[in-house]
Amino acid sequence: MEDPPTPDPLPDSSREDDAGAAFVLESKGQWWHAGFHLTTAIVGPTILTLPYAFRGLGWVPGFLCLTVMGVVTFYSYQLMSLVLERCEKKGRRHIRFRELAADVLGSGWMFYFVIFIQTAINTGVGIGAILLAGECLQVLLNSLLLALCCAGSAKDAPPKDYSLETSESAMVFSAFTSISIIASLYGNGILPEIQATLAPPVAGKMLKGLLMCYAVIFVTFYSAAVSGYWAFGNQSNSNILKSLMPDEGPSLAPTWLLGLAIVFVLLQLFAIGLVYSQVAFEIMEKKSADVKQGMFSKRNLIPRLVLRTIYMIFCGFFAAMLPFFGDVNAVVGAIGFIPLDFILPMLLYNISFKPPRSSLTYWVNVFIMVVFTGVGLLGAFSSIRQLVLDASQFKLFSSNVVD
């Protein structure tokens with residue numbers, strides 16, 4: 001029996017004065033727009049760290065984790081979309097993750113918990129995007145300089161070695177750090193915001209968008225992981241393009257090819273940085289802007305420029321201070337994407353739809369939540385540990401990064 005309609009905690013009259021929603025989240029898209037947004041949010045240059053993740057897992061566990069986490073996130077995002085659709089049918093349309101969580105879970109603290117997680121994710125992605133852009137530009141510069149004096153070939157590549165850590169404890173820590181990295185690659189902390197951009201009715205549109213996105217994921221994730229780890233083994237860098245530019249000897253790829261790859265990476269970084277920054281911008285502009293005066297009015301334009309610039313400077317400062325791309329990915333995956341994308345959607349679904357305790361769906365969701373709660377805790381410990389270990393061998397703002 002359907003529950004009676006519940007009043008929307010954010011009625012239309014409230015949203016009319018919501019500058020964050022009016023200026024950032026516009027509901028005009030079709031399913032392919034959702035597919036593009038999902039693909040941009042998930043399939044980014046961060047896949048350059050996949051061979052590095054395999055370095056801590058090996059071939060079989062690496063493929064297993066990559067596949068299992070892909071299946072779980074697809075299932076998770078579909079559940080999240082169904083919860084959003086159910087709330088909308090009952091008169092409560094949510095355009096933000098934090099509002100959905102607070103409404104379904106009925107707890108004020110959950111609202112601020114999701115804000116914290118989303119802020120950690122978006123800031124981490126912003127830092128990672130700036131850091132990766134800087135690394136790629138450095139690779140391009142070094143490649144151009146080396147091209148003037150020498151050129152490399154496959155025979156200059158390091159010998160292939162796929163062995164893992166010799167110490168059992170180090171092997172376990174490396175494995176959970178790698179799992180956290182893979183979680184960050186599949187993570188999408190802005191699915192409700194993406195669904196909010198779809199023109200109503202939204203039924204079925206997100207599923208089509210997800211299918212489009214995961215078709216791209218299948219091609220890109222597996223090809224990057226296999227080719228990078230096969231070529232460099234346990235010498236894989238956290239940015240695989242840097243493995244093509246060893247510290248000693250010539251470049252292992254033609255300069256034009258590296259240059260082309262870096263141009264595409266930078267273009268994608270602009271897109272993914274913009275997509276993930278929208279949540280931070282929306283939070284800031286909800287409080288700072290006046291929706292009645294127009295998006296580009298002097299009253300709104302100046303605060304928007306100032307706040308967005310300060311946010312990007314903050315991300316750039318931390319990217320320069322601690323330039324550990326793989327470690328940053330792992331930390332963001334463990335403390336951000338795992339709770340938001342591997343645990344919370346199942347909890348929201350079980351509470352919203354109330355599947356019988358005897359049903360397979362209920363226990364599958366519970367199993368996923370329990371497993372990934374443990375994975376998230378161990379991943380957070382191991383990834384923060386690795387970041388501390390790397391930072392202890394590093395001088396702040398130095399370009400000599402430890403991998």
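Here the Cβ of each residue, glycine as well, is placed from N, Cα and C on the backbone.
TrEMBL: automatically predicted annotations, no manual curation.
As annotated by TrEMBL, domain 'Amino acid transporter transmembrane' applies to 28-144 (among others).
Annotation source TrEMBL lists transmembrane segment at 57-77 (among others).
Residues or ranges marked as transmembrane segment in TrEMBL: 109-132 (among others). Long-range contacts of the transmembrane segment (109-132) within its own chain (CB-CB distance under 8 A, at least 6 residues past either end) are made by residues 45-46, 48, 97-99, 101-102, 184, 187, 189-190, 239, 265, 269, 272-273, 276-277, 279-280, 283, 311-312, 314-316, 318-319, 323, 325, 328-329, 331-332, 335-337, 339-340, 344.
Taken from TrEMBL, the feature domain 'Amino acid transporter transmembrane' covers 159-388 (among others).
The transmembrane segment annotation in TrEMBL covers 170-191 (among others). Same-chain residues lying 6+ beyond the ends of the transmembrane segment (170-191) with a Cβ under 8 Å from its Cβ atoms: 38, 41-42, 46-47, 49-50, 52-57, 61-62, 65-66, 69-70, 73, 77, 80-81, 97, 117-118, 121-122, 124, 164, 206, 217, 221, 275-276, 278-279, 326-327, 329-334, 336-338, 340-342, 375, 378-383, 385-386.
Summarising the annotation, TrEMBL assigns transmembrane segment to 211-232 (among others).
The feature transmembrane segment is assigned by TrEMBL to 252-276 (among others).
Here the transmembrane segment (305-325) has long-range neighbours at 49, 123, 126-132, 134-135, 238-239, 277, 280-281, 284-285, 288, 387, 390-391, 394, 396-397, 399, 401-402, meaning same-chain residues at least 6 beyond its ends whose C-beta is under 8 angstroms from one of its own. Residues or ranges marked as transmembrane segment in TrEMBL: 305-325 (among others).
With a cut-off of 8 Å between Cβ atoms, the residues of this chain six or more beyond the transmembrane segment (331-350) that come close are 69, 72-73, 76-77, 79-80, 82-83, 97, 100-101, 104-105, 114, 117-118, 120-121, 124-125, 128, 179-189, 362, 365-366, 368-369, 372-373, 375-376, 379-380, 382-384, 387. What TrEMBL records for 331-350 (among others) is transmembrane segment.
Proximity of distant same-chain residues to the transmembrane segment (362-384), defined by a Cβ-Cβ separation under 8 Å and at least 6 residues beyond the stretch ends, is recorded for 72, 75-76, 79, 172-177, 179-180, 183, 327, 330-331, 333-335, 338-339, 342-343, 346-347, 349-350, 355-356. Positions annotated as transmembrane segment by TrEMBL: 362-384 (among others).
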